[in-house]
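Feature list (source: TrEMBL):
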type	residues	note
TRANSMEM	7-25	transmembrane segment
TRANSMEM	45-64	transmembrane segment
TRANSMEM	76-93	transmembrane segment
TRANSMEM	99-122	transmembrane segment
TRANSMEM	134-150	transmembrane segment
TRANSMEM	156-176	transmembrane segment
TRANSMEM	199-226	transmembrane segment
TRANSMEM	232-252	transmembrane segment
TRANSMEM	259-286	transmembrane segment
TRANSMEM	292-310	transmembrane segment
TRANSMEM	317-338	transmembrane segment
TRANSMEM	344-364	transmembrane segment
DOMAIN	412-477	domain 'HTH luxR-type'
Amino acid sequence: MKQLCGPLLYYSAAMLSIYMTYAMTQSMAPNLSAFFGAEPVEKSLRLWLCTNTLVAAGFLTFAAGEKFCPPALKKILPLAGMALGAAASFVITDATGMAWALALMALLLPVGYLTSGAHYVLTMQVPAKWRGRFLGLAITITVLIQYGLFTDGKGVAPPLMAAVFAVTGALSCYTLRDRIALQSLKNDDERVPPPSPQYVAMLFLLISLLAALHGCGDSLALAFYANVDESIFHDSIRLFLPLGMLAAGYVADYRERHYLLSVTAIGLLLRIVSLFALSSSAGFIFSQSMEYFISSFCIMCYTLYFLDLAGKTAHPALWAGMGRTLALPISALSANFFYYVDNFSGGFVTAYILILAALNLFFYHGNFREWLEIPISSPPVPNCQAMPVTSTSTTDVPAVAKAANTAPPLTEWQEKFAFTPREMEVLKEVLTEKTAAEIAAELGIKERTVRYHIANLLKKTGTTHRAELKLLLSLPIDVRE
């Protein structure tokens, strides 16, 4: 567990730098009505789009640096980002116009770079079965520190921001000090198949839709908040975010992400219903609490699915933070777009609910991960033609049926197709008509690992499904040849 302390502190510090820069830019933005509008809600949404886009660009700079920069320069980049961000935190407080825009870029690009590095370290060092709870604990630490440093959510002084940059940069240098060793770490002790193009495409679609729906809800919430007296809010309500992250982490790790998406979809539905039903001041504290709690499940989805994907790709530095890279600008763009919708009419709400239902049914009930990675189905048994009978046969019996009594032992098939010992164990269970879940329970391994071995058996034998595989093994070896 000691090896996880560095990634935990690094991730917490990186997320703290994001939250603090958001608070700083919202509270210290000069008069930019020409760019962001004069209305408070409109200004907040457009500034949010700008900051999210810059942070997402910072995520990509880390991936580019890891791929194209020489090793010596990679060690310097975190220090350079730390220095640039710390300097920008002092300049941005007094800058105006173009100088403020440049300072904003200098502040947010290093934040994205350092946070992307934290995602890369997380996917390489934290085992998949713990990642959800790890994320929940890390963001809980982040919010508690933020709550202790500035309880109003806005009072971020430049020296404090510079100190956070210094800590984040130091932790980045420490955890990324040996990249070769980091890249050789194994996150899972079981072989898993590489992600298919269909899986990656559907994952992009999933995160994009979730981010758009999340941003839509944010826009609606801001519209309601503008009409409510802020004095009724309690700052402690922000503590529902870490509470939600801990709950989301547990749901994510339970049965390998099977319920994460479904619970998130239900939460998004409850979120928009609560905003319509509890728009009065009396119920708004409960509504805002639910806002923080449900947002944590969206954050978990954005982050975790791509963290799981990254370890199976050739460029984990790019894919580890891709969920945040997509979600940040898409959610902000969605919030800006839906701000101009006709006061969120009944037709809009209906479309929102239908999209949520489609997400839940298509991805969750379609066995999202396994279905896209290893498409194993159960088609009908093939219509095999009977083998010709010998002239000495007295009855018209297919040779396949006769061969069943003379089928070779499995060891001969193992030698012929070079089955591994684990594949042989799975094969013996397959021949007993057990399902993948039953085989996993019998052998004490994961269900996706069973599916992986079955896919290998089918590939090695040139068959397409389990029924054909069983039929093949009932034949003498010379029939196959």
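Count begins at 1; order follows the chain as displayed.
Glycine is treated like the rest: Cβ placed from N, Cα and C.
Ranked by Cβ pairs under 8 Å to the transmembrane segment (76-93), the stretches 134-150, 156-176, 199-226 are led by 156-176. Recorded stretches compared: 7-25, 45-64, 156-176, 292-310; the one with the most Cβ pairs under 8 Å to the transmembrane segment (134-150) is 7-25. Contact between the transmembrane segment (45-64) and the transmembrane segment (292-310) is not supported: fewer than 3 Cβ pairs lie under 8 Å, counting only residues 6 or more apart in sequence. Across the candidate stretches 7-25, 232-252, 317-338, the maximum count of CB pairs under 8 A to the transmembrane segment (156-176) is reached by 7-25.
In summary, the transmembrane segment (199-226) lies against the transmembrane segment (317-338): three or more C-beta pairs, each 6 or more positions apart in sequence, are under 8 Å. Assigned with DSSP, the residues of the domain 'HTH luxR-type' (412-477) fall into helix, strand and coil as follows: 48 helix, 0 strand, 18 coil. Long-range neighbours of the transmembrane segment (292-310) within the same chain, counting only residues 6 or more positions beyond its ends whose Cβ lies under 8 Å from a Cβ of the stretch, are 119-120, 122-123, 128, 131-132, 135-136, 139, 195, 199-200, 203, 206-207, 210-211, 214, 237-238, 240-245, 247-249, 251-252, 257, 260-261, 263-264, 267-268, 270-271, 316, 318-324, 326-327. Among residues of the same chain six or more beyond the transmembrane segment (232-252), those with a C-beta under 8 A of the stretch's C-beta atoms are 131-137, 139-140, 142-144, 147, 151-153, 259-260, 263-264, 281, 284-285, 288-290, 292-297, 299-300, 304.
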